[in-house]
Every structure is written in C-alpha cells, then in structure tokens.
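Per Swiss-Prot, the feature iminosuccinate binding site maps to HIS47, SER68, TYR139, ALA140, ASN141, SER156, HIS226, PRO227, GLU228, THR243; the stated evidence is sequence analysis. The [4Fe-4S] cluster binding site annotation in Swiss-Prot covers CYS113, CYS200, CYS297.
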Amino acid sequence: MSETFDVNAAIYPFPARPVPLDVDQKAFYREKIKTLLKQRDAVLVAHYYTDPEIQALAEETGGCVADSLEMARFGNNHPASTLLVAGVRFMGETAKILNPEKQVLMPTLNAECSLDLGCPADEFAAFCDSHPDRTVVVYANTSAAVKARADWVVTSSIAVELIEHLDSLGEKIIWAPDRHLGNYVQKRSGADVLCWKGACIVHDEFKTQALAQMKALHPDAAVLVHPESPQAVVDMADAVGSTSQLIMAAKTLPQKKLIVATDRGIFYKMQQACPDKELFEAPTAGEGATCRSCAHCPWMAMNGLKAIAEGLEQGGVMHEIHVDEQLRQQALIPLNRMLDFANELKLQTKGNA
C-alpha cells in the first residue's frame, strides 16, 4: 500500500482542559441544561468519547450516546428543532449535512480532530486529482469539504465490506485520512489502496510493548482494539472493531477482564453493557515515549457542562454549525451512498469517530 503526506511530526494546538467544577457547580449546570433544552426545543446528542457525566446527561434528558453517524441519524429522527452535539466539529457538520432544516449547536466550534486537521481539503483535492483513476473513499472523521470531494464516506464498522465490494468491481481506491485503518482494511480486503497518511492522536499512541506487559499482568484478559491503532497493536487483539462493535464484543466475549485500546470515554457505555466485567485502559506511550493524549481526546474533553450550557444559551457564531448549501449537497451524495450500501447489507451503520 502506498502512502503519502506523513503528518507524524505535526504539532496540534491542544486546547486547555475545562476548569474542573465542584459538586454544586455541576448540579447547577445540569439543571440549567435541562431547562435550556426544553426552552430551545433541543436534544443533547453525545459521542462515546465525551466525559461520562455528559453521556449520563444525554441519556437522562432523552438524548443519545453514539458514534458520529448515529448521532446525526438520531437527530434526524428526533422531533426536536435544535440539536446540541457534544463531540468534535466534523460531527456537528455531519449532523447539519443530514439535518439541514435543524439548528445544530456545539459547546465549542474549536473542538478539532487530528484526522480532520491532517487532511486539508485543498491538499486532498489536489492529491485526488493526481490519481483520477481511483475511487475516493473517506472516513467519517473528515470535514464537509473533504466528504464533498469523495465518492464514498465510510464508518469503521463497514469499511472492510465496502472496500471488498469496490475491489470486486475492479476499482482502485484512495483512502483517507487514517493510515492505520486504511492499512487494516487493505490487509483484510486485499484491495489496491493508496492511503493518505493521517492518524488519530489517541489511537496512534498505543504501543505493543506496554500492552504486552499489561497482558502479562492479566493473562486471562481479552484485548479489544480499535482499528485506528497501529497494525502491531491490532495484531494483539482478541476483538477489533468500531466503538459500537467493541461495546458488543465486551458483552459477548467470555473473559471477565478486558483490556481496551481506544479512548477511555467508551468505558461509560461499555461498563453499562457488561457491569460484571473488569475494564482496563490499554497503556499509551511506553517504549521510551510519553503520551500526549493519554487515551482521551483533548478536544472531546472540551465538551464540559458549562460549555454545553453556554452553547444552548448563547447560540450564534460561537456555537452554531453552518455548512454551505452547495457543499452540503455534494457531501450528502457519498453519505447517502454509504447509508444505502449499509441497508443493502442489512447492517446497522455504527462507525467511530
């Protein structure tokens, strides 16, 4: 598999974590959010990687906790006129693409994603133009502009099936932006894949040596790995899958101990799914390195209670997602192709973002 545009050396401008709230402040903002949701005819949709208290509030108020695509689909089916998306910016954009008639708010518009940042639309378009014979498949973790340039959008839960399908048609693929997931689907499918060289700052930090040491401490534990992780880490897994697939694996695997290599935000729903099991965070860094994300996306951490309340209360340019209508229509085409493909396979599309 060929690769290009190595962004390993990129120094992303990590945001400051929200100032911790005390018990009284948390209670105040929870009640304020509940009131504002009713006043604005809004529903709170949160990603699996947000902090547990945010996921709990989404459930308590009739919202949902899911991956980025399911968040958008939930918003489409929910009667609320406003969606408050607790996640990162591309998730808000996806919600707006699929729900143009609704107001989409976010706690902050500065919640980025290293995969999105590592795939600038102009550079990616030029790269695609230089390989006109290839079908362009992009991961959901991309901007609206990158989606608009693609032939297909895909989530990790159906990535292998889609690439196998395209390969059976004799098509050669451009895959973007995650090189580890691209490598995973190429190995599984055997397709001709030209891969953009992006990476998730969280999953890229999992290391085999540290994981092997933890496995030695817990030899009876199963290892669950998201395919955005390096191939050597994936090779150590008992189960590989998207966020939703890892939660399902946690329920169905016989082991009572689970070592989980993905963002630790997933532990909230995973522990709900299997309360009788013991969960361990897979180690990040190791092998002489220090962790930067330390198994939690710094941009997901921006979705605090105070920020959610401010997003609902203030709206406007600081919190509302807008997508150019022409761009939205272009991005909707590959998104709908993915949804149609998933329906034909009789799969419920649940990816990672």
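Cβ atoms here come from the backbone N, Cα and C positions, even for glycine.
Considering only the binding-site residues ASN141, HIS226, GLU228, the residue whose Cα is spatially closest to the Cα of CYS113 ([4Fe-4S] cluster binding site) is ASN141. Distance between Cα atoms for HIS47 (iminosuccinate binding site) and CYS297 ([4Fe-4S] cluster binding site): 12 Å, as a whole number.
Between the C-alpha atoms of GLU228 (iminosuccinate binding site) and CYS200 ([4Fe-4S] cluster binding site), the distance comes to 7 Å.
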